[in-house]
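Asks: Take a look at what Swiss-Prot says about it:
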- 1-19: topological domain 'Extracellular' (TOPO_DOM)
- 20-40: transmembrane segment (TRANSMEM)
- 41-49: topological domain 'Cytoplasmic' (TOPO_DOM)
- 50-70: transmembrane segment (TRANSMEM)
- 71-92: topological domain 'Extracellular' (TOPO_DOM)
- CYS84-CYS171: disulfide bond (DISULFID)
- 93-113: transmembrane segment (TRANSMEM)
- 114-133: topological domain 'Cytoplasmic' (TOPO_DOM)
- 134-154: transmembrane segment (TRANSMEM)
- 155-186: topological domain 'Extracellular' (TOPO_DOM)
- ASN158: N-linked glycosylation site (CARBOHYD)
- 187-207: transmembrane segment (TRANSMEM)
- 208-235: topological domain 'Cytoplasmic' (TOPO_DOM)
- 236-256: transmembrane segment (TRANSMEM)
- 257-268: topological domain 'Extracellular' (TOPO_DOM)
- 269-289: transmembrane segment (TRANSMEM)
- 290-314: topological domain 'Cytoplasmic' (TOPO_DOM)
Amino acid sequence: MNKDTTMYCSAYIRDVFFCEIGVGISANSCLLLFHIFMFIRGHRPRLTDLPIGLMALIHLLMLLLAAYIAKDFFMSSGWDDITCKLFIFLHRFFRSLSVCATCMLSVFQTIILCPQSSHLAKFKPNSPYHLSCFFIFMSIFYTSISSHILIAAIATQNLTSVNLIYITKSCSFLPMSSSMQRTFSTLLAFRNAFLIGLMGLSTCYMATLLCRHKTRSQRLQNSKLSPKATPEQRAIWTLLMFMSFFLVMSTFDSIISYSRTIFQGNPSLYCAQILVAHSYAVVSPMLVLSNENRLTNPLISMYERIVRLDFLCW
C-alpha cells in the first residue's frame, strides 16, 4: 500500500469530502423530514412518497456511516478485521439499497403513469406489494455479489505493504487473483447493466406514453397545450434527471473501480472514487426537493408576499 495515498487525500480531498457529506446529510434529512411532516399533517400521500422517503433514509444512513468511516482516512482508529469487514460491508450494503431503491422508483413511476390499456395496468392495485418484493429480491441479489468483501477486507498491519489495496488507514483489500478478478468484474458488469437497463427501459416507456398523450390531446383539442407542465411531465423530467445523473455517476464509479485494480496505489484514482461514490446520494434529494410543488409553491408564495410587503413599505 502506498503511503502517499493517505497524504494526498488528506491534503486535497478532506475538506471537499466532508463538505459533500455534510450537504448530503442535510439534504436527505430535509427530504425525509418533509415527508414525515406531510404524513403527520394528514396530507394524502402520493404513491411515490414511500419509495422517495425510503431512498432518503437509505442515503442518510449511508452518508452517516461514510462520515464515520472517513475519520479513518486521516487518523487511524485501530480497527481489527471484524470491524473493517463490518463497516465496509455495511457501506456497500447501503449503496446496494440506494441503487435498488432508485430502480424501484423508476419502475413504480412507470406503473403509475401507464394507461389502463397497457399490460402493466394489472399491477396497479398491488404495485406496492409487488415492488416491495422486487426491492427485497434485488437488494439480496445486488448485495450477494459484493459478499467477497467479507473475505477481502482486512485490518492493515503493515503500512509499507505494496500488495494491499488501500481503503482507510486501518483497513485494506487483499488482492484477488486474475481469475477471481475477471469473475467478479463480469458479475458486477451484469448487475449494473441489468439495473441500469431496467431503469432506462422504464424511463423510455414513460417518455413514449407522455409523447403519445400530448399528440392525442393536441389532435382532440386542435390547439396547443398549455405551456405549464403537468404533474406527469414534471414526474418524467425528475426521473429523467435521476436516470441521467445516476447513469453518469455509475459509469464513472465503474471505470474508476476497474482502473484501481490495474493501477494499484494511485492516489488520484482513489480520491476521485471517494467523491464520485457519494455524489448521487448528495444530489438526488436536491433534485426531488426542487421539483416538489408541495414545498416550492409555499416558499414561492411566501417570497412573493415578502417582496410585496417590502414594496408597500418602501
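Backbone N, Cα and C define each Cβ position, glycine as well.
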Asks: Apart from its near flanks, which chain residues at least 6 from the ends of the transmembrane segment (50-70) lie with a Cβ under 8 angstroms of it?
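Replies: Sequence-remote neighbours of the transmembrane segment (50-70) are 17-18, 21, 24-25, 28-29, 31-32, 35-36, 87-88, 90-91, 94-95, 97-98, 101-102, 104-105, 108, 128, 131, 168, 278, 281-282, 284-285, 288.
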Asks: Look at every Cβ pair spanning the transmembrane segment (269-289) and the transmembrane segment (187-207), keep those 6 or more apart in sequence, and say whether at least 3 of them are under 8 Å.
Replies: no
Asks: Near the transmembrane segment (236-256), which residues from the same chain, at least 6 beyond its ends, have a CB less than 8 A from one of its CBs?
Replies: 99, 102, 105-106, 109, 113, 188-189, 192, 196, 199-200, 203, 206-207, 210, 229, 269, 272-273, 276-277, 279-280, 283-284, 287-288, 291
Asks: Per DSSP, how many helix, strand and coil residues does the topological domain 'Extracellular' (71-92) have?
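Replies: Summed over the topological domain 'Extracellular' (71-92), the classes give 16 helix, 0 strand, 6 coil.
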Asks: Sort out the residues at least 6 away from either end of the transmembrane segment (20-40), same chain, that have Cβ-Cβ distances under 8 Å to it, and list them.
Replies: 49, 52-53, 56-57, 59-60, 63-64, 66-67, 70, 275, 278-279, 281-282, 285-286, 288-289, 292, 294-295
Asks: Does anything in the same chain, at least 6 positions from CYS171 (disulfide bond), have a Cβ under 8 Å from its Cβ, and if so what?
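Replies: Those within reach of CYS171 (disulfide bond), by Cβ under 8 Å and sequence separation of 6 or more, are ASP72, TRP79, CYS84, PHE87, ILE88, ALA153, ILE154, ALA155, THR156.
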Asks: Need one number: mean pLDDT over the topological domain 'Extracellular' (71-92).
Replies: 81
